[in-house]
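Below is one structure; the comments refer to it alone.
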Amino acid sequence: MGAAAAYLDGLNAEQRRAVEHGVFEGKAPPATPLLIIAGAGSGKTNTLAHRVAHLIVAGADPRRILLMTFSRRAASEMTKRVERICNRVLSDQGGVLTDALTWAGTFHGIGARLLREYAEQMGLDPAFTIHDREDAADLMNLARHELGFSKARSRFPTKGTCLAIYSRVVNSTAPLADVLSRAYPWCAGWHDELKQLFGRYVEAKQAQNVLDYDDLLLYWAQLVTEPAIARDMGDRFDHVMVDEYQDTNSLQASVLLGLKPDGRGLTVVGDDAQSIYAFRAATVRNILDFPDHFSPRAEVVTLERNYRSTQPILEAANDVIGLASERFTKNLWTDRTSAAKPQLVSVRDEMDQARYIADRVLENREEGATLKQQAVLFRTSSHAGPLEVELTRRNIPFVKFGGLKFLDTAHVKDLLSILRFAQNGRDRIAGFRLLQLLPGLGPATAQKILDRIAEHPDPIAGLSDVQAPAKIGEAWGELVAMLQEIASGAGWPAQIERARRWYEPHLERIHEDASMREADLAQLEQIAGGYGSRERFLTELTLDPPDATSDQAGVPLLDEDYLILSTIHSAKGQEWKSVFVLNVVDGCIPSDLGAGQSEELEEERRLLYVAMTRAKDALHLVTPQRFFVHGQHAKGDRHVYAARTRFIPRSVLPRFEQVAWPEAGREEAGVGAVRNVRIDVGARLRGMWQ
Ligand SMILES: Nc1ncnc2c1ncn2[C@@H]1O[C@H](COP(=O)(O)OP(=O)(O)OP(=O)(O)O)[C@@H](O)[C@H]1O
């Protein structure tokens, strides 16, 4: 390769080692698997993109590279980067080769594709539809009703809790009893009923030919337990690469090990210090135990140079994570010197916290930083409430991530239910939603119709035989005609336009703000145009929904400037010049005052670490002395007095500049001064009648 490798010159020595690992052994995949432990801001994305590009330049077949990332956005950013690098070396050929990187996506998305290909071997109909969390909860609810658990026993766990428990059992591959006693002790008394419920839920999914999110991994993991299939699937790929490995769960690990049992061609990248998805059953053990799974042991490359943050920010973050109980030790360093320590700001309450941030954000803007270069991070979406009010009051535009998603809105769900039902006439949740859009058609009739067509070999064709109640009139025939037309597979994306035309009069009848919602649907149609088929569109959209929606308070246009508000979870992988973290107090981070098990506590510590390491130049951790707790348990809404988070003990304090806001003098002039004024309104009112 010689001179061609000049494109690797921008990498530091460790990054380069990670990129080049095994590539010189000819075109065969490297025999030893590779683990890249990439500290925060150490250029993980950059390194992985270079490794993929380097492989392609060295002659690897891009169609035989499997690249799995945490989100679809991450996958498409990665492919774009790979293309840029390849273009530099191979000029116009680069684009052609990277276009062939067709196996880049999320675990769930890739799983869905492979399952369709191997459906027959599993006795699965390849036209299966996928239920998102809400649909899955609805189906769970149906099973719950059928078993009589919802009526007779009023304290039986809600549909959401049932689904969460089910999902945890599946993803952690742990027995139900263990999951209950560890994570849901208040439901432990329902063990047998829950078991029965989950059995019924699984039967219902199979009868309806639907898979939920967890099934995509579960079926896949089951498939690769059959050695012949595992070999066949594994042999399709020379290289398997996984990003954000610290946030994978044990099902994902078994899929990976099933595909590449000896680790040949396997590369995983991650940072154990940033593992924050245990609530989805991710386990930091996957990455901690990775090297010893193989013989010979996996090669480990550690990236310790941080390109993002200034030294004082990094030192504070290092000290916070330094107190963690178990980790791959790395000492992140940077040459970005600065005199400014991160600030630990004490404010009276959440109102003052909001004012403080609004003031600071505007000050920064005066000094030249755009709003987009600043972000406010929080543990839980509801913590941002008072800040949202303050920003709105002061006309500071903002966008919030980690809140309501496009696909959760009623009208988008309605339109998708048409396509899903047309795709799979056994999908009762889609059918149930769709049928009830007709005026006069209620849940009982909808159930009856669905029962009736379920017996038909082609349920959508079977709709022609259904005699709908007379009061529904012509609307019934119109619905059936529309569905059959779409189901026949005529033209994509024209089908979605057909569905929208049918739906629009219903939309106008159901929603007052129909025109806003119509704009969303037009946008959905636009998005649909980017997919080759209805099935691909439905799958991808269910797995990785876009954020923008008219239900969000005035989403600014993309070229406008706005402040970023985000949960810490949604801030993963991102960076900003200035970062503010809300409610850095016990009870918020860690989220539960009683934060019992040490594993959970460790995860909360990593959350704070992830938040802190998003900052490039300035970091403010805000600690209100009181905060508001929403009605949890039996205690209801109340204010509680807060203490600084336990993750910043006294020994770590010297890493921060401690400030109180407002400064004492300013408080006198503000609300504080008014506190001492007394007015006897009672006497005045009595005086009116004397
Ligand atoms: N070799 C390099 N030289 C200069 N800058 C680099 C180099 N590698 C990465 N960077 C820069 O470092 C910053 C962090 O990179 P990146 O976002 O890939 O980090 P990361 O490892 O994914 O971080 P995290 O895990 O914390 O999200 C980016 O601004 C990137 O451009």
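Cβ coordinates are placed from backbone N, Cα and C, and glycine is handled just like the others.
Whatever TrEMBL says is automated annotation, not expert-curated.
Positions annotated as ATP binding site by TrEMBL: A38, G39, A40, G41, S42, G43, K44, T45. Of all Cβ atoms in the shown protein chains, 26 besides its own fall within 10 Å of the Cβ of S42 (ATP binding site).
Per-residue pLDDT, averaged across the domain 'UvrD-like helicase ATP-binding' (17-310), gives 89. Sequence annotations record features per position, and here TrEMBL assigns domain 'UvrD-like helicase ATP-binding' to 17-310.
If you look up TrEMBL, you'll see 311-573 marked as domain 'UvrD-like helicase C-terminal'.
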Any further residue of that chain within 8 Å (Cβ to the Cβ centroid of A38, G39, A40, G41, S42, G43, K44, T45) of the recorded ATP site: T47, D271, L303, N306, Y307, R308
Those binding-site residues in A38, G39, A40, S42 whose CB falls under 6 A of ligand 1, listed in sequence order: A38, A40, S42
Mapped DSSP class for K44 (ATP binding site), helix or strand or coil: helix
Neighbourhood of T45 (ATP binding site), C-beta criterion under 8 angstroms, separation at least six: A74, E77, M78, R81, D243, G573
